[in-house]
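Pulled from TrEMBL:
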type: DOMAIN; residues: 39-289; note: domain 'G-protein coupled receptors family 1 profile'
type: TRANSMEM; residues: 23-49; note: transmembrane segment
type: TRANSMEM; residues: 58-81; note: transmembrane segment
type: TRANSMEM; residues: 101-118; note: transmembrane segment
type: TRANSMEM; residues: 139-160; note: transmembrane segment
type: TRANSMEM; residues: 200-220; note: transmembrane segment
type: TRANSMEM; residues: 241-260; note: transmembrane segment
type: TRANSMEM; residues: 272-291; note: transmembrane segment
Amino acid sequence: MNNVSVITMFFLSGFNETISHRFVLFFLSLLCYCIICLVNVSLIVTIILDTNLHEPMYILLCVFCMNALYGTAGFFPRFLWDLLSDVHLISYYGCLIQNQVIYSFVCGELSILAVMAYDRYVAICQPLKYHSIMSKQRVIRFACFSWFTTFCIMAVNTFLTFRLKLCSPYISRLFCVNWSIVQLACFPAQTTINAISANIAIIIYCLHGVFIVWSYMYIIQTCVKSIENRAKFMQTCVPHLVSLFTFVVAILTDVINMRLGSKELPRTLQNFIAIEFLVIPPIMNPLIYGFKLTKIRKRIYSVVIFKRTNFCFLQSENSFTHS
């Protein structure tokens with residue numbers, strides 16, 4: 001029992017298979033993280049600077065991208081460092097913080113998608129009440145409340161994990177997650193409250209999913225009756241549904257692999273499944289919204305064309321001066 005309380009570091013054994021090609025993985029991961037930062041920051045800046053985009057749907061999209069930056073910041077910098085390190089260690093408190101960031105990012109994503117689904121429901125099914133129900137201030141409050149409650153719920157789970165006495169410092173993953181830490185507990189009886197708390201959180205966010213499905217069922221019923229609403233659905237709701245589908249598939253794949261996955265699967269495949277939700281949705285979502293939503297697409301095109309025109313003008317001016 002004396003050895004239990006002195007665990008101050010964890011070994012991330014998921015990196016054992018990356019040693020032979022870690023420099024290639026480092027370059028690809030760095031490129032991926034740069035793309036995530038570029039596309040999300042571009043969308044956030046575009047929405048903030050353009051007053052025409054200060055509408056509920058675009059405000060929620062801005063929060064969506066901020067959450068993606070928050071979640072990936074909890075994974076990629078540490079992951080890139082570990083790829084270049086010979087020993088893959090993370091401190092006990094660093095592990096808990098990473099767990100808190102990644103879990104709050106995942107559940108926060110679902111909460112924001114639920115608010116976005118409600119926004120589209122009011123816009124299409126109750127258009128006359130839309131501006132009174134979904135004012136800018138109320139949308140910001142909705143977004144802040146949904147993210148803050150998510151953070152608090154995940155903090156409870158992290159605290160319950162913190163109180164456990166652990167018998168092993170080895171985590172067989174690339175990063176820290178609650179389930180992997182709880183499995184290291186010396187006494188399974190101590191983890192009962194962790195399981196109850198985790199199941200309550202799962203139920204809460206499953207209800208978020210049910211609410212999203214219910215909202216889109218009503219939206220589809222309304223759109224069938226109107227050509228105008230059908231066009232609005234294709235324009236604004238399809239990106240939400242694609243984001244939801246991508247996110248849910250990525251999360252379910254990781255959860256199934258973590259809880260029920262076979263140890264016979266190659267470690268490389270297990271690692272890819274584990275980080276899929278931290279790579280694919282943060283890249284795809286800004287691209288989907290950027291190309292699909294007309295206002296954002298036009299704004300991005302106008303900025304690109306403006307910069308290109310200025311560049312050509314400066315070049316022509318320089319050539320004229322030299323001549």
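Glycine is treated like the rest: Cβ placed from N, Cα and C.
Contact between the transmembrane segment (241-260) and the transmembrane segment (101-118) is supported by 3 or more Cβ pairs under 8 Å, counting only residues 6 or more apart in sequence. In this chain, the transmembrane segment (139-160) touches the transmembrane segment (58-81); three or more CB pairs sit within less than 8 A of each other, excluding pairs fewer than 6 residues apart. Where the transmembrane segment (272-291) meets the stretches 23-49, 101-118, 139-160, 200-220, the count of C-beta pairs under 8 angstroms peaks at 23-49.
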